Amino acid sequence: MVTEQDPTTLMKQQVGKAAAEEVKSGMIVGLGTGSTTAYMIQFLGELLQRGELKDIKGIPTSFQSTVLAKKYGVPLTTLDEVDYMDIAIDGADEVDPQKNLIKGGGAAHTREKIVDCLAEKFVVVVDSSKLVDKLGSTFLLPVEVIPMAMNPVIRAIEKLGGQPEVRMGVKKAGPIVTDQGNLVIDVKFDSIDNPGELEKSLNNIPGVLENGLFVGVADVILVGEIDNGKPIVRTIS
């Protein structure tokens, strides 16, 4: 049970609910990955059950969002079956003042970037702890890599000034494996002064599938905050 002593969860629930209310009947919805987005999927299911939403279909960005959508009764489709997506709702690990993002804490950033970039509107849901002045301040930058290219990619990233390390599993022996069967390298940069340039440079390394920089993609940021002991949602557009 959630209590008032758990402000982070309260913020995530509130912003997840606000994001679900952005969805209208008949929409195709990109379903993001992460703890805040999980509440959004739950609230979408509740709106469908109450009849307040009808005829929506979700496109999941990960195995996690697929499982949650099925659990809460959100119908699913695929990019093969639709040629238009009304809205994508997803979380982020960092958000800078220009609405650029670092994503990939859940190792799903490749699928997330595909879905989020295809949507007509991309809404980001975060709690206030994810707001930073400069990307890379608190979170390492994830890079998805084809396994055979891991060592060459590490060397190339070091030449770009990064400090890379392979992400290892928790309660699992060995590295994290993505839904695509690849590895994730988490990279520390002393300063990410030009996120757009770095995003392109990393993706130009042979063996890199995608990195967690999302530059110029987000349309709206919904931020969960605590004001006078109560959770509120602030909109950055």
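Here the Cβ of each residue, glycine as well, is placed from N, Cα and C on the backbone.
Copied from Swiss-Prot, the annotated features are:
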- Glu112: active site, proton acceptor (ACT_SITE)
- Thr33, Gly34, Ser35, Thr36, Asp90, Gly91, Ala92, Asp93, Lys103, Gly104, Gly105, Gly106, Lys130: substrate binding site (BINDING)
Cβ-based neighbourhood (8 Å from the centroid) of the substrate site, residues Thr33, Gly34, Ser35, Thr36, Asp90, Gly91, Ala92, Asp93, Lys103, Gly104, Gly105, Gly106, Lys130 excluded: Gly32, Thr37, Val126
Surrounding CB atoms that lie within 10 Å of the CB of Ser35 (substrate binding site), all protein chains: 16
Rounded Cα separation (Å) that holds between Ser35 (substrate binding site) and Glu112 (active site, proton acceptor): 14
Sequence-distant neighbours of Gly105 (substrate binding site) in its chain (C-beta under 8 A, six or more apart): Gly34, Asp93, Phe139, Pro142
Other CB atoms, at most 10 A from the CB of Asp90 (substrate binding site): 32
Glu112 (active site, proton acceptor) versus Asp90 (substrate binding site) - Cα distance in angstrom: 8
